[in-house]
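Below is one structure; the comments refer to it alone.
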Amino acid sequence: MCAMALAHAVWMSWLQVDMHLGLGTFAYDVGLYDQGVWLLSRGEAPFVTLMGRNMLGDHASLILSFVVPFFWVVPGTATLLVIQAFVVAAGAIPLYLFARRVLHSGAMGFAAAFLWLANPAMNGSAMENFHPDSFLGLFIPLALYAAHAKKWRLFAVAVVLAVMVKEDVLLVMVPLGIYVAWKYDRKKGLMAAGLSIVVTILGMFVLMRSLIGVPTRNEWRIPFGGVSGFIKETFTNPIAVVKHIFSGDRPLYLYQMTAPFAGLFLLAPGMTLVAIPVILSNIVSTFWYQHSIQYHYSIVVVGPLVCATVLAISRLGDRFAKVAMVVTCLFTLTTSYLWGQHSLAQTPRGVLGAQAPVAVSARDIISTIPKDAVISVYDPLVTFLAHRKEVYFFPNPFRAVYYGVDTSLEGTRLPAADRVEYVVLPRSLNEQLQWDWSLVSADFEEIDSNTYWQMFRRKAN
């Protein structure tokens, strides 16, 4: 099992790093973490100029403090991607131990680990840039295994690590704590649920509010005007709520989340309920990333669904358990092929490789930019240049795009525009970016170019 997990980690690392070197990573959501963690590793406040706000105000992801030491040795986007690949693959270990304990079979444990490593939603999350949420792919299964094995010190460690990942982790930790309280130990389960609530309140209303002025930037994702509007609509016009839930690609998302397990998890409703709040929040959200298995919002529930499937299989008896596991593995393998984005899938994600001429020439032209220069560069280049206090993806800061806490700065010229020393752009720009460049190009002179790229430096006064 360890060999399978290691192979998956190495494979994902190679895919992700090759994609990065082929200009397949961007400010959102890799460059911003690269700059933020680098600043922390240098003892600086993590104010990320790529998005115009403090990284820990954007999300209360204190778990990133454990990434900082890696940046003392090998800082960079590739480091983030490799860490993520190994953390996600490590989620197979507690799931193997859980299944081996429940099903009394190492082979069945191996199969459960396969259900995790081949799951299309898990791999979609693992291949979508870098997100602290990926750590929950290890911590949630670890907490479930520890509770089942009554290893309470390990459970405490897993819970503490999980609540450090993000401010909204209570959506999975509260039901997990309630499940543990019901099945294993009332006090410890309720303490876990309570801790997640306290940490969420502190993360949003103390840490995030103190850094960016608001407890969350994402209330717009809740339909019908936010939390109060959604609650009101639920009672006054439930038909509208039901229509919303079944609109667009939401039914497909639900199908893609459940099909890899052949629906067997329904035979273990208690464990399944651990996953329900996150799935419901994803379906309700107006942000379509949340109801797509290609993005990181779903990885948190895959572990509980694997555990629920294992518990369901254990209830089928020895005669049918092995058959059920084989069938489930076939479902997972099939859906991984049909819906995955990896190189073995039916439709792999189309990205350039490290040796693509446009990528090689990009890495070459940016190599001469001074390390402390203030720069504005084409978005795919920022993940190679984020280790500085001021870096912007063009047209920022000349025209603010996705910058700041809200949309109040959108389209405005930021004060930093007068400090930009270097600009790097592709020779071929869309109409909007051509217009943006035409407004400021008189202040710069071309100092280097190649077939694909041009580099400009601010003219001397």
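Every residue, even glycine, has its Cβ placed from backbone N, Cα and C.
Automatic prediction, not curation, is the source of TrEMBL annotations.
The annotation transmembrane segment is assigned in TrEMBL to 62-90 (among others).
Annotation source TrEMBL lists transmembrane segment at 102-118 (among others). Listed as Cβ neighbours of the transmembrane segment (102-118) (distance under 8 Å, sequence separation of 6 or more from its ends, same chain) are residues 1, 4-5, 8, 89, 91-93, 95-96, 141, 148, 260-261, 302-303, 306, 309-311, 313-314, 321-322, 325-326, 328-329, 332-333, 336.
Sequence-distant contacts of the transmembrane segment (154-178), counting only residues of its own chain at least 6 positions beyond either end whose CB sits under 8 Å from a CB of the stretch, comprise 59-63, 132-133, 135-136, 139-140, 142-144, 146-147, 188-197, 199-200, 203-204, 207-208, 216, 273-278, 281, 300-301, 304. Annotation source TrEMBL lists transmembrane segment at 154-178 (among others).
Panel annotation: around the transmembrane segment (190-212), residues 53-54, 56-60, 143, 155, 159-160, 162-164, 166-170, 173-178, 180-181, 405 of the same chain, lying at least six beyond its termini, place a Cβ under 8 Å from a Cβ of the stretch. What TrEMBL lists as transmembrane segment is 190-212 (among others).
Remote same-chain residues near the transmembrane segment (264-289) are listed as 144, 171-172, 174-176, 179, 182-183, 218, 220-223, 230, 244-245, 248-250, 253-254, 257-258, 295, 297-298, 300-301, 304-305, 307-309, 311-313, 315-316, 324, 328 (criterion: CB distance under 8 Å, separation of at least six residues from the stretch ends). The feature transmembrane segment is assigned by TrEMBL to 264-289 (among others).
What TrEMBL records for 295-313 (among others) is transmembrane segment.
Distant neighbours of the transmembrane segment (320-339): 103, 108, 111-112, 114-115, 118-120, 123-124, 256, 259-262, 264, 293, 309, 312-314, 345-346; these residues of the same chain sit at least 6 beyond its ends, with a Cβ under 8 Å from one of its Cβ atoms. For 320-339 (among others), the entry in TrEMBL reads transmembrane segment.
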With the cut-off at Cβ under 8 Å and a gap of six or more residues from its ends, the chain residues touching the transmembrane segment (295-313) are 88, 91, 95, 98-99, 102-103, 108, 112, 115-116, 119, 121-122, 124-126, 128-129, 131, 133-134, 136-137, 140-141, 144, 169, 171-172, 176, 257-258, 261, 264-268, 271-272, 274-275, 278-279, 282, 289, 321, 324-325, 328
